[in-house]
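**Q** Before I ask anything, here is the structure I am working with.
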Amino acid sequence: MSNTTYALLNNSTDNIDMAIPVKEPLSPQSSSVTNTTNVDTLRKSYKQIAIAVALYWFVSITMVFLNKYLLSSKDVKLDAPLFITWYQCIVTVGICAIIGNLNKRVAAFSGFPSFKIDLKIARDVLPLSLMFVAMIIFNNLTLKHLTVSFYMVGRSLTTVANVVFTYIMLGDRTSYRALICCGLIIVGFFLGMDQENTLGTLSLFGALCGVASSIFVALNAIYTIRCLPCVDKNIWRLCLYNNFNACILFLPLMLVFGEIPVVFNYSKLFNIPFWTAMTAAGFLGFSMGYVTGYQIKVTSPLTHNVSGTAKSYVQTLMAVVIYSETKTVLWWISNVFVLGGSGLFAQVRATEMKQNHNSNKSTIDNTNGNSVKT
């Protein structure tokens with residue numbers, strides 16, 4: 001759960017201090033009409049929530065399996081993870097360009113910023129882009145070297161890294177209850193590592209990439225908060241500049257790691273199904289930003305995190321079934337520790353933020369009241 005999500009919790013619809021207006025009793029006819037309207041509104045709301053959750057689950061799960069296919073499938077056989085990630089960034093910039101040029105002609109895209117690259121802004125966003133590039137590199141390396149079923153546990157230390165870096169860089173202290181939740185996640189991670197090793201499916205390099213990915217996900221969240229003012233707090237502009245910088249940063253990395261000759265000698269370089277899958281993965285990567293924001297908008301940040309946790313569990317179950325894997329009881333327990341710790345951490349932080357919000361509001365009300373009396 002990122003700091004951006006923590007901030008959004010203050011605007012959550014889960015507030016409990018709403019004023020209840022007092023109205024005159026309605027006539028039976030008016031009451032019937034009102035009840036019908038309320039039922040219709042409620043149905044519409046449930047429908048929106050169902051669509052938002054379904055979209056988020058579909059895009060997220062499909063993207064994981066498609067990236068796994070591209071990174072380590074026997075059909076693809078392209079040992080160039082940096083190139084695959086670079087192309088996805090190219091697709092994202094291309095989509096931003098298309099939508100940005102249509103925003104004044106298509107009503108659905110009116111809220112999207114016009115496509116324009118300001119090199120000064122690109123330079124200001126560069127620190128975030130470095131974290132972003134490292135994050136997606138290690139994320140894809142984790143997916144390449146670990147099984148999809150273990151992918152969630154392999155990257156589960158993001159919450160722990162988030163707590164550490166928010167304290168070191170932002171001075172934000174974490175409560176003992178939240179730290180206990182982090183402890184559950186750590187236990188689940190190491191138990192899962194032990195069980196993967198017992199099953200003979202553990203890649204130590206993949207596990208280390210998972211830890212590195214967790215670290216850079218946390219740093220990416222912190223630098224996102226710092227760099228948002230550079231783009232007038234517009235998350236889509238930040239997405240554009242982030243991916244634009246990434247397209248440039250990946251080029252020397254591909255050169256250093258010798259991926260350019262590998263790509264040029266690839267037997268399926270002009271294979272249409274290959275490029276279709278590559279482009280689809282890029283489109284899904286771009287779509288994640290939209291479906292995540294949409295789910296938060298129609299539910300709440302806390303519900304979004306609960307949905308994400310449930311999605312991870314379903315994704316794990318699907319991977320075990322699809323790849324016909326056999327897991328031990330302790331392996332499943334490690335997943336329960338990770339998912340339980342993550343879910344409880346989100347709940348604890350949400351509760352604490354509500355308490356802080358209500359406490360600050362009471363302090364302001366008391367201060368205003370004393371000022372009036374004076």
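Placed from the backbone N, Cα and C atoms, the Cβ positions cover glycine too.
According to TrEMBL, the protein carries these features:
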- 48-340: domain 'Sugar phosphate transporter' (DOMAIN)
- 49-71: transmembrane segment (TRANSMEM)
- 83-103: transmembrane segment (TRANSMEM)
- 124-142: transmembrane segment (TRANSMEM)
- 148-169: transmembrane segment (TRANSMEM)
- 176-193: transmembrane segment (TRANSMEM)
- 199-223: transmembrane segment (TRANSMEM)
- 244-266: transmembrane segment (TRANSMEM)
- 272-293: transmembrane segment (TRANSMEM)
- 329-348: transmembrane segment (TRANSMEM)
**Q** Apart from its near flanks, which chain residues at least 6 from the ends of the transmembrane segment (244-266) lie with a Cβ under 8 angstroms of it?
**A** 78-80, 82-83, 85-86, 89-90, 93, 117, 122, 125-126, 129-130, 132-133, 136-137
**Q** Is the transmembrane segment (199-223) in contact with the transmembrane segment (148-169), using three or more Cβ pairs under 8 angstroms as the rule and ignoring pairs under 6 apart in sequence?
**A** yes
**Q** Taking pairs 6 or more apart in sequence, does the count of Cβ pairs under 8 Å between the transmembrane segment (272-293) and the transmembrane segment (49-71) hit 3 or more?
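**A** Contact between the transmembrane segment (272-293) and the transmembrane segment (49-71): present.
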**Q** Using Cβ atoms and a strict cutoff of less than 8 Å, what residues sit near the transmembrane segment (176-193) while being 6 or more residues removed from its termini?
**A** 150, 153-154, 156-157, 159-160, 163, 202, 207, 330-331, 333-342, 344-345, 348-349, 352
